[in-house]
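**Q** Pulled these features from Swiss-Prot for this protein:
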TRANSMEM  32-52  transmembrane segment
TRANSMEM  57-77  transmembrane segment
TRANSMEM  108-128  transmembrane segment
TRANSMEM  129-149  transmembrane segment
TRANSMEM  157-177  transmembrane segment
TRANSMEM  183-203  transmembrane segment
TRANSMEM  230-250  transmembrane segment
TRANSMEM  252-272  transmembrane segment
TRANSMEM  285-305  transmembrane segment
Amino acid sequence: MSAAPAPAPAAAAPRALPSRLSQFYALTKPRVVQLIVFCAFIGMVLAVPGMPSGAQWALMAVASAGIWLVAGAAAAFNCIVEQGIDAKMKRTAWRPTAKGELSNTQTLLFSALLCAAGSALLYWWVNPLTMWLTFATFVGYAVIYTVILKPLTPQNIVIGGASGAMPPVLGWAAMTGEVGPEALILFLIIFLWTPPHFWALALYRVEDYRKSGLPMLPVTHGNEFTRLQVFLYTLILFAGCLMPFVYGMSSWIYLAAAVVLSAGFCLYGFRLWRDYSDTLARKTFRFSLIHLSLLFAALLVDHYLL
């Protein structure tokens with residue numbers, strides 16, 4: 001009796017395309033980009049008095065898609081530059097470029113395609129100002145921060161945080177064709193939020209960063225100094241989060257949420273400074289994400305209720 005024939009190699013083919021697509025999708029750092037688009041969307045909504053019209057909702061959708069594409073392009077370019085660093089760090093070793101699953105040429109072409117598509121979408125269907133601001137953000141993150149600042153100085157997060165704080169400005173520009181003071185207040189909040197957010201991560205990932213050779217603050221200045229900086233920045237951030245109410249762009253609903261959320265972040269910062277543990281640093285990092293998401297959600301609720 002003859003043996004059963006071996007399965008044909010072609011049987012694995014249907015899984016190849018989905019696997020390759022998932023690798024390209026991973027390059028865009030989806031969770032990070034989702035937060036970017038969310039913050040940009042909040043900027044869009046706040047820029048429109050009252051309930052948006054159908055045409056304005058359509059404009060928001062197109063602008064969000066364009067910003068998503070360019071943000072994904074910046075993330076993919078970052079994966080090329082930091083391929084060697086990512087391979088040394090447990091947190092990033094899974095990335096397709098770090099594992100050698102995608103070549104630099106493939107990743108660069110993918111990044112260029114996303115950037116070109118997003119820029120064209122923003123230029124022709126939104127407005128040129130939004131396109132140029134979004135492209136400047138791409139350059140700020142992918143080149144100035146990733147290539148120059150990140151390997152050069154422990155203040156990389158502080159200076160480079162400007163590019164990460166741009167999403168609400170992009171959203172505001174998409175709907176109004178200008179950058180108003182309200183957009184700059186939203187920019188300030190994210191700019192002040194960025195250092196304690198990333199330094200909390202760097203504290204419990206310090207060995208990863210030490211192996212990578214990046215001059216993150218816990219590596220260059222030590223654990224205790226970084227913990228103090230996290231706490232001090234949460235205090236400064238508290239003041240910054242009050243600015244929408246002080247300027248008159250929100251009411252007591254946002255104010256109450258800002259006080260509670262910012263006080264919680266300050267408490268985490270204080271506890272981290274006084275009694276450090278990796279577990280607490282991880283909780284502080286996670287709370288920072290909750291803080292920003294709920295803070296901007298409170299702005300949205302406040303905008304429509306009062």
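Heads up, the Cβ atoms here are built off N, Cα and C, so glycines get one too.
If you look at the structure here, what lies around each of the features I listed?
**A** Proximity of distant same-chain residues to the transmembrane segment (57-77), defined by a Cβ-Cβ separation under 8 Å and at least 6 residues beyond the stretch ends, is recorded for 27-29, 32-33, 36-37, 40-41, 44-45, 107-108, 110-115, 117-119, 121-122, 125-126, 130-131, 134-135, 137-138, 141-142, 146, 167, 170-171, 174-175.
Remote same-chain partners of the transmembrane segment (129-149), defined as residues 6 or more beyond its termini with a Cβ less than 8 Å from a stretch Cβ, comprise 63, 66-67, 70-71, 73-74, 77-78, 81-82, 115, 118-119, 122-123, 155-156, 159-160, 162-164, 166, 169-170, 173-174, 177-179.
Beyond its flanks by at least six residues, the transmembrane segment (183-203) meets 39, 42-43, 46-47, 157-158, 161-162, 164-169, 171-173, 209, 216-219, 223, 226-227, 229-231, 233-234, 236-237, 240-241, 243-244, 247, 249, 265, 269, 272, 276, 278, 281-282, 284-285, 288-289, 291-292, 295 of its own chain at Cβ-Cβ distances under 8 Å.
Same-chain residues lying 6+ beyond the ends of the transmembrane segment (285-305) with a Cβ under 8 Å from its Cβ atoms: 35, 38-39, 42, 45-46, 51, 168, 189-190, 193, 196-197, 200-201, 204, 241, 244, 250-251, 253-254, 257-258, 261-262, 264-265, 268.
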